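K.L.:
To start, I am sharing the structure in question, which I have written as structure tokens.
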Amino acid sequence: MPSSISWGLLLLAALSCLGPGSLAQDAQETEASKQDQEHPASHRIAPHLAEFALSLYRVLARQSNTTNIFFSPVSIASALAMLSLGTKGDTHTQILEGLDFNLTEMAEADIHQGFQNLLQTLNRPNTQLQLTSGNVLFIHQNLKLLDKFLENIKSLYHSGAFPTNFTNTEEARQQINSYVEQGTQGKIVELVKELDRDTVLALVNYIFFKGKWLKPFNVKNIREEDFHVDEATTVRVPMMYRVGMFPVHYCRTLASLVLQMDYLGNATAIFLLPDKGKMQHLEDTISTEILSKLLKDRQTSKYQVYFPRVSISGTYDLKDVLSSLGITRVFSRVADLSGVTEDAPLTVSKVLHKAVLDMDEEGTEAAGGTVLGAEAMLQAPIMKFDRPFLVVIYEHNTKSPLFVGKVVNPTQQ
């Protein structure tokens, strides 16, 4: 085994269908369900996930103001928290503090129990909202993981490990890609283009989300319209249209119109459309406190909403991004991952993350929906998403931001 080993961390988020949970896990959840509902452990870590999400977003936004952004803070945070189980010393502290946890105010056990509850909640079968997540380790067939690490990642993060022949990089690449393709039901293929020769361990984390609008758009109302990427660039996009009652709020602090659109189930998409020329102001000013207040403001108004069909993805090597958040030691020669294995010193070389967002008109009409007549439709004000905007997809049971993004150009893949 080489003395210095590169560790590949692959994080995925995409649309998929929810798979059934294991019987053992279901039985465990049933026994603890009452306690979880009264005081969910995931609620204690939710504010920290939200702070981490906005910190990560700002770093990505500073890197480029001309490209779409889309990532899953829950996916990234759960993978890093799981990895922290095998770290020690400053390496350990940096990861958890980089995720916005103060170890003098919250016990580490509470952090991991929060993620355990979060993952259990997200993976509960739901006939309305299709949502699932998971973690798996691919390890060099000659590398022995410590029993304590394996036990912890299994019990807290529902993760397992697959022996992998990393000496044959092509074989290992195909094994990982095959797992990802099967797990995403073909949504993501050939994710890993190549593996470094010294890679001996890879963590694949995924979160899949597919929601149907509580109040859908009508496919018959879709038409091509302009989307203004910037002052000099305009693209044509399929623009969806619906008139109805929406939770809409103008936030003076953010200089933005805020639209909330519910999914069937327990998730809401929050769209923030800044005034012209105010995107930078929105990005600098938005906070977890403001988002919390916006989520509570559910007063509805009549609006004609125009919204582009969106199919975007974000692919990132987050090493530099995480380093800017203070997570540096795990990428260095002095990284301490001795809680993972004692066979050889490990170093994280890459943190790869891919997230995919598809938004279209699909949905199922909810009972008791409001229908407006032609006269009311003409009187309703217009809210048109025809310029860059932000999106946060929020899951209510866990109070967590599943996805965060910025749509700069809906035609940009």
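Placement of Cβ uses the backbone N, Cα and C atoms for every residue, glycine included.
On a predicted model such as this, the values are computed, not experimentally measured, just so you know.
Sharing the features that Swiss-Prot gives for it:
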- Asn65: N-linked glycosylation site (CARBOHYD)
- Asn102: N-linked glycosylation site (CARBOHYD)
- Asn165: N-linked glycosylation site (CARBOHYD)
- Asn266: N-linked glycosylation site (CARBOHYD)
- Gln25: pyrrolidone carboxylic acid (MOD_RES)
- 368-387: region 'RCL' (REGION)
- 1-24: signal peptide (SIGNAL)
K.L.:
Hey, of the glycosylation sites listed (Asn65, Asn102, Asn165, Asn266), which one tops the CB count within 10 A?
P.N.:
Asn266
K.L.:
Whole-number Å only: compute the distance from the Cα of Asn65 (N-linked glycosylation site) to the Cα of Asn102 (N-linked glycosylation site).
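P.N.:
With the alpha carbons as reference points, the distance is 31 Å.
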K.L.:
Cα-Cα separation of Asn266 (N-linked glycosylation site) and Asn165 (N-linked glycosylation site), in Å?
P.N.:
41
K.L.:
Asn102 (N-linked glycosylation site) to Asn165 (N-linked glycosylation site): how many Å between their Cα atoms?
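P.N.:
Distance between the two Cα atoms comes out at 39 Å.
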